[in-house]
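Written out below as structure tokens is the structure these notes cover.
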């Protein structure tokens with residue numbers, strides 16, 4: 001049955017050639033041979049939904065700006081850093097939260113329904129796999145759609161926090177200038193100065209998005225859980241990630257140790273290229289729909 005596929009937004013997708021028929025056949029064979037596929041996705045799967053990644057040549061955030069994401073220690077230590085973070089996040093949220101899954105997200109959801117995909121681990125914090133309907137899913141770095149208190153651990157929805165922000169800042173206005181992979185946007189210090197940030201309604205503690213900021217680590221429980229899912233799998237597919245960040249790369253190292261076949265679908269080089277069984281330079285949303293998951 002054919003589902004109407006969303007049209008891709010290619011503004012943040014690096015240039016690449018259309019899929020080579022020989023490569024399509026190789027990936028088809030790889031997927032057909034797998035009974036329990038372990039899939040890991042990165043920012044490159046969400047670029048076709050209009051969310052930029054950090055590292056892509058020419059179009060990634062680092063290539064276009066001198067901006068860097070917030071560091072965990074700075075967020076925890078500095079009230080002004082938190083004010084700046086939340087002001088920018090508040091302005092960027094309506095646009096960031098409205099992004100929709102693209103064809104690649106929907107294909108992986110379908111593979112799960114067909115019993116082909118055993119587990120999906122995403123390094124993204126954009127909730128697009130959840131929106132697509134994936135359930136056998138671990139969000140390795142958390143999700144911007146949830147917020148929690150550093151004091152008591154109470155969780156709230158990011159959409160609810162948006163209403164608190166609006167109530168606290170009825171006359172505060174700022175225009176968004178550009179958007180980043182984590183929903184951050186660019187504002188001047190002047191714009192940020194009067195922005196009010198609410199504390200936790202339960203304990204008065206510091207509110208933080210439920211994401212792993214740079215400089216922070218993924219919890220031991222989550223890492224162990226993902227290792228267990230990998231141990232149950234018979235092959236690994238990496239889609240849209242250069243695997244530069246160790247928190248994701250460690251699972252590729254574990255797959256290599258278990259001698260699982262590894263396929264990579266990513267535009268540009270990755271950290272696994274030298275030990276992968278298969279490397280494809282294509283758009284996820286263009287190549288994945290061509291694969292039949294028997």
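We count from 1, first residue shown onward.
Using N, Cα and C of the backbone, Cβ positions are placed for all residues, glycine too.
Note that TrEMBL annotation is computational and uncurated.
Bear in mind that the values here come from a model prediction, so they are computed numbers and not experimental data.
The feature domain 'Deacetylase sirtuin-type' is assigned by TrEMBL to 17-294. Note on the domain 'Deacetylase sirtuin-type' (17-294): its mean pLDDT in the predicted model is 91.
For residue 141 (active site, proton acceptor), the count of additional Cβ atoms within 10 Å of its Cβ stands at 22 [all protein chains shown]. The annotation active site, proton acceptor is assigned in TrEMBL to 141.
Spatially close to residue 152 (Zn(2+) binding site) yet at least six residues away along the chain are 200, 202, 203, 205, judged by Cβ distances under 8 angstroms. Sequence annotations record features per position, and here TrEMBL assigns Zn(2+) binding site to 149, 152, 200, 203.
Take the binding-site residues 149, 200, 203: by the count of other Cβ atoms within 10 Å of each Cβ, the lowest one is 203.
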